[in-house]
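Q: Please read through the structure below; I'll follow up with questions.
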Amino acid sequence: MKRLAILTSGGDCSGMNATIRAAARTAIANDVEMIGYRKGYAGLLKNEFIVLDSLAVSGTLQRGGTFLQSARSAEFRTEEGRKKALDNLMKERVEGLIVVGGDGSLSGALALDKMGFPVIGIPASIDNDIAYTDMALGVDTALNNIIYAVDCIKDTASSHDRAFIVEVMGRNSGYLASTAAIATGAEFAIVPEVELDLTEMCHQLRRRYEEGRTNALIIMAEGAGHAQSIADGIKDAVGFETRVTVLGHYQRGGAPSVFDRLLGSRFGRKSVELLLSGTKGVMVGLSANSLTTTLLEMVVKGGQKKLNEDLLRMADILGI
Ligand code: F6P
């Protein structure tokens with residue numbers, strides 16, 4: 001192989017730059033040129049790319065987001081769009097493509113694989129809902145961002161006898177909410193996968209209040225309901241002044257953690273080595289701290305990774 005390409009697609013996350021850099025430098029070490037498409041599949045369709053020589057990726061490892069930029073492309077979801085993408089790859093003599101992104105981006109990678117083009121997928125989504133990998137890129141940094149914010153909120157909550165609902169990302173996934181609840185010592189995690197029993201939660205909060213505790217923290221995934229209505233419910237039932245903080249896109253940015261720098265570097269290197277050895281149509285994942293490969297077909301068919309409900313039980317036990 002003489003020329004490979006990489007793109008970052010869907011929601012950005014920290015660690016994407018580490019992946020691009022590692023992929024580019026592994027390619028260079030093997031006398032292969034790496035190009036980077038701008039703005040995900042949208043850039044591939046417009047044939048907008050830059051050559052990723054060693055200097056082009058210098059100084060990117062420690063930066064959040066993706067310097068190639070990312071986008072969600074409606075055109076690429078059409079058959080015509082995919083044909084155009086394939087034409088562009090051929091025209092530029094690209095022999096293999098690395099796609100870094102979440103479930104939608106990996107479905108796109110599978111479509112190209114089915115058209116006979118060599119593709120490797122890398123899981124990247126702070127939701128950590130991609131099957132066949134213990135961790136996706138960006139999850140660890142997002143969790144570090146969350147615990148920093150929640151620790152700050154806890155200080156002010158305890159100074160005022162208040163309860164706080166902190167809304168974290170996760171439209172369909174409660175991974176961030178449940179792990180953040182454990183890591184911040186929050187009283188409750190509310191997740192989309194499990195229906196909330198508001199009466200029971202208020203009962204527990206009242207008991208804690210009567211025991212003399214000064215505050216309560218609830219971490220809620222954005223897809224689990226309406227935070228302000230739950231806050232109003234708590235105020236009515238328990239009497240605690242309850243405030244809502246929505247962390248939003250703050251969670252997705254910032255310098256990647258050590259874990260995400262290492263994971264991105266490992267994923268990036270591996271993806272190039274796989275293409276050079278003739279492997280295609282797989283996603284690189286992490287299992288028990290070793291890198292794995294799973295057919296993209298299985299990843300996409302498997303759908304969203306299920307929440308390990310033991311995390312929730314643990315959050316409950318430790319939050320008593
Ligand atoms: O899938 C990652 C994610 O950050 C979700 O947690 C969140 O719901 C969504 O992306 C937000 O998407 P956007 O940045 O397009 O608003």
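Here, residue 1 is simply the first one shown, and the rest follow in order.
Any Cβ shown, glycine's included, is placed from N, Cα and C.
Found this in TrEMBL, in case it helps:
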type: ACT_SITE; residues: Asp127; note: active site, proton acceptor
type: BINDING; residues: Gly11, Arg72, Ser73, Gly102, Asp103, Gly104, Ser105; note: ATP binding site
type: BINDING; residues: Arg21, Ala22, Ala23, Ala24, Arg25, Lys154, Gly185, Ala186, Glu187; note: ADP binding site
type: BINDING; residues: Asp103; note: Mg(2+) binding site
type: BINDING; residues: Ser125, Ile126, Asp127, Arg162, Met169, Gly170, Arg171, Glu222, Arg243, His249, Tyr250, Gln251, Arg252; note: substrate binding site
type: DOMAIN; residues: 3-275; note: domain 'Phosphofructokinase'
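Provide an account of the burial state, proximal residues and distances for the features listed.
A: Taken residue by residue with DSSP, Asp127 (active site, proton acceptor) is part of neither helix nor strand, so it is coil.
A helical conformation is recorded for Ser105 (ATP binding site) in the three-state DSSP classification. Every protein chain shown contributes to the tally, and the Cβ of Ser105 (ATP binding site) ends up with 28 other Cβ atoms within 10 Å.
Counting only same-chain residues at least 6 apart in sequence, those with a Cβ under 8 Å from the Cβ of Ala23 (ADP binding site) are Leu4, Ile6, Met34, Leu52, Ile98, Gly268, Arg269, Ser271, Val272.
All protein chains considered, the CB of Asp103 (ATP binding site) has 22 other CB atoms within 10 Å.
Packing around Met169 (substrate binding site) is summarised by its Cβ count: 24 other Cβ atoms lie within 10 angstroms of its Cβ, all protein chains included.
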Q: Measuring Cα to Cα, how many angstrom lie between Arg243 (substrate binding site) and Glu187 (ADP binding site)?
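A: Rounded to a whole number, the Cα-Cα distance is 15 Å.
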Q: Ranked by the number of other Cβ atoms within 10 Å of their own Cβ, which of the recorded positions Asp127, Glu187 ranks first?
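A: Its Cβ has the most other Cβ atoms within 10 Å: Asp127.
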Q: Near ligand 1, meaning Cβ under 6 Å from any of its atoms: which of the recorded positions Arg21, Ser105, Asp127, Arg171 fit that description?
A: Asp127, Arg171
Q: Which of the recorded positions listed here (Ser125, Asp127, Arg252) have a Cα atom within 10 Å of the Cα of Gly102 (ATP binding site)?
A: Ser125, Asp127
